[in-house]
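Trainee: Quick one: the structure is below, questions incoming.
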Amino acid sequence: MARTVVLITGCSSGIGLHLAVRLASDPSQSFKVYATLRDLKTQGRLWEAARALACPPGSLETLQLDVRDSKSVAAARERVTEGRVDVLVCNAGLGLLGPLEALGEDAVASVLDVNVVGTVRVLQAFLPDMKRRGSGRVLVTGSVGGLMGLPFNDVYCASKFALEGLCESLAVLLLPFGVHLSLIECGPVHTAFMEKVLGSPEEVLDRTDIHTFHRFYQYLAHSKQVFREAAQNPEEVAEVFLTALRAPKPTLRYFTTERFLPLLRMRLDDPSGSNYVTAMHREVFGDVPAKAEAGAEAGGGAGPGAEDEAGPSAVGDPELGDPPAAPQ
């Protein structure tokens, strides 16, 4: 019996790496996995994980694929020796964290290019053949940060909101083609996903006001707490992908955690958005009287409270991993 051919983007670490070796090592031996990476020099960890799980020979191959380059995507497609991809996993992504006014234009453009346009490039390369064959599955790494706004994740959330619209629109179209598309909505995950583009606290302060600077440190402290309490291992998240892949009638969305569903329901129940905005503000920052808000703006210098909240290494701290409820 022919094996199911799976191609996954973004396999140098995290969810992509763990999903690739999970499928390649599946006891059924029913998957042929193409794990793609932007830079093949980073494939060492992938093969270490494959050896640890005793992936059978021929179950896993690596391909160079840079979602920012349509020629690279097309070249990877041509190297799939079976001539087809049964399951496409769009997983490559970038994160971006910080006050909006402190983010560089190039960093903003890079996140949108990888997370949104990069996903479009991959879909454009592989969807037509699935439609012609009348079968196929597409799994896209989403985020609850694509379903609700998170402070200091403005651009990242914008990119994930865009994926929601892209995928939901395609899912409606693809029904009669026999192609199923599902979003895997992740919360915080223990990965090296987040790219810290901010410099020292002083550099951040130079690019924003003192009040926003204090708020950022409050957010970092909250983020670390949520990460400690709720972050999932990528192996656990990979099982949700497998559930979607094997479902007889896959749904549009699969959630890797239920922790954030109450906030999502609140957002849906109140189309005006006011209840969600108030609830999320309290969740992250607590109740701060208006007088204190004004005082923070008028105060001079960051003061000791800024570092006391989250510690002096909060900016760029690898322990932060993904932003709360916004992993991939």
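Heads up, the Cβ atoms here are built off N, Cα and C, so glycines get one too.
Features from Swiss-Prot:
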- 10-38, Asp66, Lys160: NADP(+) binding site (BINDING)
- Ser143: substrate binding site (BINDING)
- Tyr156: active site, proton acceptor (ACT_SITE)
- 290-328: region 'Disordered' (REGION)
Trainee: At a 10 A cut-off on CB-CB distances, which of the binding-site residues His18, Arg22, Arg38 has the highest count?
Mentor: His18
Trainee: For Gly14 (NADP(+) binding site), list the number of other Cβ atoms lying within 10 Å of its Cβ atom.
Mentor: 25
Trainee: Reported as an integer number of Å, what is the Cα distance between Ser143 (substrate binding site) and Arg22 (NADP(+) binding site)?
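Mentor: Cα-Cα distance, Ser143 (substrate binding site) to Arg22 (NADP(+) binding site): 21 Å.
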Trainee: Would you please pick out, from the binding-site residues Ser30, Ser143, the one with the fewest other Cβ atoms within 10 Å of its Cβ?
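Mentor: Taking Ser30, Ser143 as the binding-site residues, the minimal 10 Å Cβ count falls on Ser30.
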Trainee: Spatially speaking, which of the binding-site residues Ser30, Tyr34, Arg38 is closest to Tyr156 (active site, proton acceptor)? Use C-alpha to C-alpha, please.
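Mentor: When the Cα distances are compared, Arg38 comes out closest.
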Trainee: Let me know the DSSP-derived helix, strand or coil state of Ser30 (NADP(+) binding site), please.
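Mentor: Coil, per DSSP.
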